[in-house]
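Presented below is the structure to which this report refers.
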Amino acid sequence: MVTINVVVVGAGYVGLVTGLCFAKLGHSVACVDVDESKIKALRQGQVPFYEPGLVELLGEQVQEGRISFHTTFPEPTDAAMAVVAVGTPPTPTGSADLTSVFMAVDGLARALPHGAVVAIKSTVPVGTASKLKERLAAQGRPDLRVASVPEFLREGQAIQDVFRPYRMIFGVMDEATEQMLRTVHEGLDAPVVVTDTATAEMIKYASNAFLATKISFINEIANICDRVGADVTQVAYGMGLDPRIGPSYLRAGLGYGGSCFPKDTRALVNIAGEAGYDFQLLRAVVEVNQRQRLEPVRRLKESFGTLAGRVITLLGVAFKPGTDDVRESPAIDLYVALMAEGAVVRMCDPVVRRVRGWISGASKILDVCNDPYLVLAGADAAVVVTEWPEFVALDWRRVARFMRCPVVFDGRNVLKPDEMKMAGVVLLSVGRGCRSPIPLR
Ligand SMILES: NC(=O)c1ccc[n+]([C@@H]2O[C@H](COP(=O)([O-])OP(=O)(O)OC[C@H]3O[C@@H](n4cnc5c(N)ncnc54)[C@H](O)[C@@H]3O)[C@@H](O)[C@H]2O)c1
Ligand SMILES: O=c1ccn([C@@H]2O[C@H](COP(=O)(O)OP(=O)(O)O[C@H]3O[C@H](CO)[C@@H](O)[C@H](O)[C@H]3O)[C@@H](O)[C@H]2O)c(=O)[nH]1
C-alpha cells in the first residue's frame, strides 16, 4: 500500500475520526485545529468529547506515531491531500455559515504543495466546491484540486461508520483526484460512487433530509395513532418489514435533534429557495419536528391542568444516547417551555454535566444531575427525552414509590407498558393509543 501524507483541518467529531481512520489505514496524518485546548487535550491522549472507543483508537495511533496534532499549519507541508472537516453552523437565516471553511481553505492555499487534493468533508451548500476552486485560483493556486467527499458518520457510532461506511461518495473534477481518493481510502470496503462535486454535495443533504422526513412522517402517524387508538411501534414494525420502506428511522418520539438533521434540513430548504424552488415537503418536515419536541408539555398540561409549581424531571439531555452532544437537543427546548409554564425542571443524563440554555432572554448554564433516583424523588412527572439504557433499566417500582405522582411520559417509546403498569407507573407515550387526558392528583 502507498502511504500518503494527509492534513486534516478541524479535529471535531468528523475530523478526528477521519484522521484516525486514515492513520489506521497506514497514512501519516497531521490534524490542525484552531482550538488550542482541544489540541492540547489530544496531545495528552484525551478526547474532548464523548465518543465510544475513540480514546483507545487515539492512544493506539499516537503510539504508532501515525498522527500528530497542531494549532497551525505545518508550512509548507508535503501533504498530497488535505481534508477540510471544520464546522458549518447555521446562520440566523438557516443557511450554512462557511466562514471556517474559507479560513481553512485559505490556509491550505498557503501550505499545500503543487497539485494536492483539498477534500471537503464539511457539509456545505451545493456548488461550494466549485466556488472554492475559483477562490484557490484567485489566490494563485489553480493547481490545487478540490473534491467533495461528504461524511455520513453518526455520533455515538462514529468509528464503526467511518471504518465500515455504507458508501463512499467521491465528488471530483478530474481523474487524478479520483485516483488519489481511491488510494487514500484503500482498505475500506464499501461501494464507491464517483460524481461531480455538486452531485456529491447534494447526496449529503438529500440523505439527511430523507432520514429526517421518515422521522417526521412516523411522528405524524404517531400523533394520529394516539387519536384513533393504534400503536405506532407496531405500525412502524409492520411497515418496516416491507423492504421498499425498511425499518430504520421509523422510531416515533420527540423528533430529531443533533448537530446535523436540524441544521441540514433548514439549509436545504434555503438552498432550494435560493435556486427559486419552494421545498414544501421539507419545510413541513422541519415544522413537524419543532412541534413534536413540545408534545410532553401539551400532554402533561392536559392531564395536570396547569404545570405551575409541578416538579418535572427530564431524563436525558444529550440529543441521543451514546454521545454528550447537546446541540439541538429536544431537552433544551423542553426545559425552556416547561419553565415558561411555571414548572420546576430537573435534568438528568449519564454523561452530560451541564448545558447552556436561553432562559428569559439570558444565556444560563444549567446543571445536570447524573443520578436519576435523586432527581426523580418527589417529582410530579418524568419525561424520557433520551433513550439511554440506564433509564430503561431503572427500578421503576422503586421510582413509582418515591415520585410524588408516578407519571412518566416516555418520549422515545422504550419503556414496556405492561411492566410500567405492574410497577405502578402511569405511562404516557408517543403514538401508543392513549390520547385522552389521564386526570392526575
Ligand atoms: N458531527 C457529525 O455527526 C457530522 C457527520 C457528518 C458531517 N458532519 C459535518 O462535518 C462538519 C464538522 O462537523 P463536526 O461535528 O466535526 O464539528 P465540530 O464542531 O465537532 O468540529 C469542528 C472543528 O473545526 C475547528 N475549526 C474551526 N475553524 C477552523 C479552522 N479555520 N482551522 C482549523 N480548525 C478549525 C473547530 O475548532 C472544531 O474543533 C460540519 O460541516 C458537519 O455538518 C458532521
Ligand atoms: O427512528 C429514529 C431515528 C433517529 N431519530 C432521531 O434522529 C436524530 C439523529 O439521529 P442519528 O441519525 O442517529 O444521529 P446523527 O449523529 O445526528 O447522524 C445523522 O447526521 C449526521 C450528520 O450529517 C450524518 O452523517 C448521519 O448519517 C445521520 O444519521 C436523533 O435526535 C435521534 O433521536 C428519531 O427520532 N427516530
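Don't overthink the numbers, they just go from 1 along the chain as shown.
Any Cβ shown, glycine's included, is placed from N, Cα and C.
Whatever TrEMBL says is automated annotation, not expert-curated.
TrEMBL names PHE152, LEU153, ARG154, GLU155, TYR249, LEU250, ARG251, ALA252, GLY253, GLY257, LYS320 for binding substrate. Of LYS204, LYS364, LYS416, LYS421, the residue it gives for the same site is LYS204. Annotated NAD(+) binding in TrEMBL involves ASP33, LYS38, THR123, GLU155, LYS263, ARG327 plus, out of the candidates THR72, THR77, THR88, THR195, the residue THR88. The distance from the Cα of THR123 (NAD(+) binding site) to the Cα of PHE152 (substrate binding site) comes to 10 Å. ASP33, THR88, THR123, GLU155 are the binding-site residues among ASP33, THR88, THR123, GLU155, LYS204, ARG327 whose C-beta comes within less than 6 Å of an atom of ligand 1, given in sequence order.
Proximity to GLY257 (substrate binding site), defined by a C-alpha to C-alpha distance within 10 angstroms, is shown by the following binding-site residues from ASP33, LYS38, THR88, GLU155, LYS263, ARG327: LYS263, ARG327. When the C-alpha distances from LYS204 (substrate binding site) to the recorded positions ASP33, CYS260, ARG327 are tabulated, the minimum falls on CYS260.
A Cβ distance below 6 Å to any atom of ligand 2 is met, among the recorded positions ASP33, PHE152, CYS260, by PHE152, CYS260. The binding-site residues shown are LYS38, THR88, GLU155; of these, the one with its CA atom nearest the CA of LEU250 (substrate binding site) is GLU155. The distance from the Cα of LYS38 (NAD(+) binding site) to the Cα of ARG154 (substrate binding site) comes to 21 Å.
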